[in-house]
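Features as listed in Swiss-Prot:
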type	residues	note
BINDING	Y14, Y22, Y33, A58, C59, E79, D101, M102, M117	S-adenosyl-L-methionine binding site
Amino acid sequence: MAHSSATAGPQADYSGEIAELYDLVHQGKGKDYHREAADLAALVRRHSPKAASLLDVACGTGMHLRHLADSFGTVEGLELSADMLAIARRRNPDAVLHHGDMRDFSLGRRFSAVTCMFSSIGHLAGQAELDAALERFAAHVLPDGVVVVEPWWFPENFTPGYVAAGTVEAGGTTVTRVSHSSREGEATRIEVHYLVAGPDRGITHHEESHRITLFTREQYERAFTAAGLSVEFMPGGPSGRGLFTGLPGAKGETR
């Protein structure tokens, strides 16, 4: 049995076959990128009716971008994982995609919307890194634009010991994913194991470990306001963890 490991911290790895399996696994769990992109575009337009451009930070394999391109004249992405970015580039050959870190990127232009979805923000290690990322988001959004962030669970909403499991099959490959979540200080530790099987490949085993910070709602709001953005939290969202929206030019406002 082959064994590989990818460990994600503030620089989440998401490399090798884990990156290749990413979309198959999450779509098998019911993630609907098309619907999420449509809802996200509607949210952006609610705050910025003339929005024409969007930057997706931590764009992963570019699944959201593929659908967002139908709603905005210009879409760009930023991704830390080189392997995830390579998949995104294959999927979105006409989009400009950047290899970079949400804590310190500088693209030299602004967008109608800056988004960071699927709780990618949780890979940051603490308040200083969260503040740095929101400052970068604010620096890349137009004065009449909007910043949208999907958080990880708040501490009071996290379920220690949570186990998730599922099996998906596509193109002759079967993947079973099992994860276990535990509390590790002010963060979630998620251990994930995959069994991947196919007629010609046999069975391989892969595992990854992620530490995802359990920021409080107040910590997110502090980062938004420090970056000069008003902030509003909306319950629900794509994964049930809610969404934060921020508008430029209203430092210190929380709604």
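For all residues, glycine too, the Cβ spot is worked out from N, Cα and C.
Structure coloured by features recorded in Swiss-Prot.
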residue	record	DSSP class
Y14	S-adenosyl-L-methionine binding site	coil
Y33	S-adenosyl-L-methionine binding site	helix
C59	S-adenosyl-L-methionine binding site	coil
D101	S-adenosyl-L-methionine binding site	coil
M117	S-adenosyl-L-methionine binding site	coil
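For the S-adenosyl-L-methionine site listed in the record, the two most distant Cα atoms among Y14, Y22, Y33, A58, C59, E79, D101, M102, M117 lie 23 Å apart. All chains included, 24 other C-beta atoms sit within 10 angstroms of the C-beta of Y14 (S-adenosyl-L-methionine binding site). Around Y33 (S-adenosyl-L-methionine binding site), the same-chain residues six or more apart in sequence whose CB sits under 8 Å from its CB are Q27, M63, H64, R66, H67, listed in sequence order. Applying an 8 A CB threshold to same-chain residues 6+ apart, the list for M117 (S-adenosyl-L-methionine binding site) reads E36, L40, D56, A58, H64, V148, E150, P238.
Shown are the binding-site residues C59, D101; of these, the residue with the fewest other Cβ atoms within 10 Å is D101.
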